[in-house]
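Comments concern the structure below.
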Amino acid sequence: MDENVRGHSSHEKIIVSGAPGYMTVDLAALARNYVRLSGEVAPARAAAVVKADAYGLGAEKIAPELYKHGCRHFFVAQFAEATVLRPLLPADAAVFVLNGLQPGSETICARDGIVPVINSLEQWQRWAAEAEALEQKLPAVLQFDSGMSRLGLPPEDRPVTADLLKTENSIDVLFVMSHLASADDPENIQNAAQKAEMERISAEFAQFPACFANSGGIFLGKTFHGVLTRPGIALYGGAPTGGTENPMEPVVSLDVAVVQVRTVPSGTRVGYSGTHVTTAETRLATIAAGYADGLPRSLSGRGAVYCDGVRLPIVGRVSMDSITVDISALPQNRLTLGSRVEVLGPNQTLEDLARDADTISYEILTGLRHRYQRQYL
Ligand SMILES: *Cc1c(COP(=O)(O)O)cnc(C)c1O
């Protein structure tokens, strides 16, 4: 066997060198972020939002780690994600499906103890029918739309929902929940409006505890928490609030390998469509990741990577599998075939990269899951 490839499990190998990129997920930092958020919301609890494979970091590793640190509520977006996660967690952990109860998923949800978030009266009826067929009470979260117009029961369905609850006892409602649309911006007036609407919902359904804040909502204050909060991005080190210092610890770092180095004269075109033309003799390095690896094409001519704290600007277009950077600011021969440059780390945060790519940290994180060698600390 190649000495650079270690057997890990029957179907998984860890490449310790020779990979195009190395993504490190610091599980200790993740745990500290969870403890930090739990402290912030106490006596309310912090769930963990682990949808989209825990924002691309690997839900199979992230969720059990958070369980060890006291997390008992896990939210995924889709039924299929719940079926993967459910067997990896002990029975006293709850797995909730944010996107709701999809037709066809009822029997497996009931059998495996997956808790749907009920987003409509139709979903309520389907879940109630399943409960009646099984002659057993089934758990659910009731989501109400408090102003985002995305998911959840609309205001006009609240009276009939309240009536249903008086007669129907086949569904065990664990929480009423809603989701904030603008929680990352404390100045946004939508926050107060949604909070007021959530307070009305909580009054109308006073028998059930409330589940409200996402990461940003946690830092809007206690009145946004309910008894259960649902942080996602903050767990993974993303900034919960825009434009202020990030209170969370970084969890992800990413280094990418250099695959070629060259020196070109002034007046040389670089990359697809020749969008960049050098204005002096320039040393260039091509690195082994591109838009297929989650480094958006919008970084073309804008973003940078780092080496020894030196900024290396991206020149020309981001390709599918590679990016060319200007390394003239580094000492000669500092970077050679196989050297690594920092894409995410001490010199460049998720927010830095997202800003340069004209997107948000969430999109960067969830895009990084493909071809890098992933290591958990
Ligand atoms: C994604 C999501 C969250 C987590 O949001 P963050 O901003 O990442 O903390 C919470 N609740 C719902 C309903 C979501 O869709």
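Quick reminder: no glycine exception, Cβ is built from N, Cα and C everywhere.
TrEMBL: automatically predicted annotations, no manual curation.
Cβ contacts within 10 Å of LYS51 (active site, proton acceptor), excluding its own Cβ and spanning all protein chains shown: 21. Residues or ranges marked as active site, proton acceptor in TrEMBL: LYS51 (among others).
Under the DSSP three-state reduction, LYS51 (active site, proton acceptor) is assigned to helix. The N6-(pyridoxal phosphate)lysine annotation in TrEMBL covers LYS51.
All protein chains shown were included, and the count of other CB atoms within 10 Å of the CB of ARG150 (substrate binding site) stands at 10. Annotation note: ARG150 (substrate binding site) sits in a coil segment as assigned by DSSP. Positions annotated as substrate binding site by TrEMBL: ARG150, MET320.
Summarising the annotation, TrEMBL assigns domain 'Alanine racemase C-terminal' to 251-377. Computed over the domain 'Alanine racemase C-terminal' (251-377), the whole-number mean pLDDT of the model equals 97.
Here TrEMBL flags TYR272 (among others) as active site, proton acceptor. Long-range neighbours of TYR272 (active site, proton acceptor) (same chain, six or more residues apart, CB within less than 8 Å of its CB): GLY316, ARG317, SER319. Mapped onto three states, the DSSP output places TYR272 (active site, proton acceptor) in helix.
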In whole Å, how far is LYS51 (active site, proton acceptor) from MET320 (substrate binding site) when you measure between their Cα atoms? 26
Which whole-number value in Å describes the distance between the Cα atoms of ARG150 (substrate binding site) and LYS51 (active site, proton acceptor)? 17
What is the number of residues in the domain 'Alanine racemase C-terminal' (251-377) that are helix, strand and coil, as DSSP sees it? 23 helix, 47 strand, 57 coil
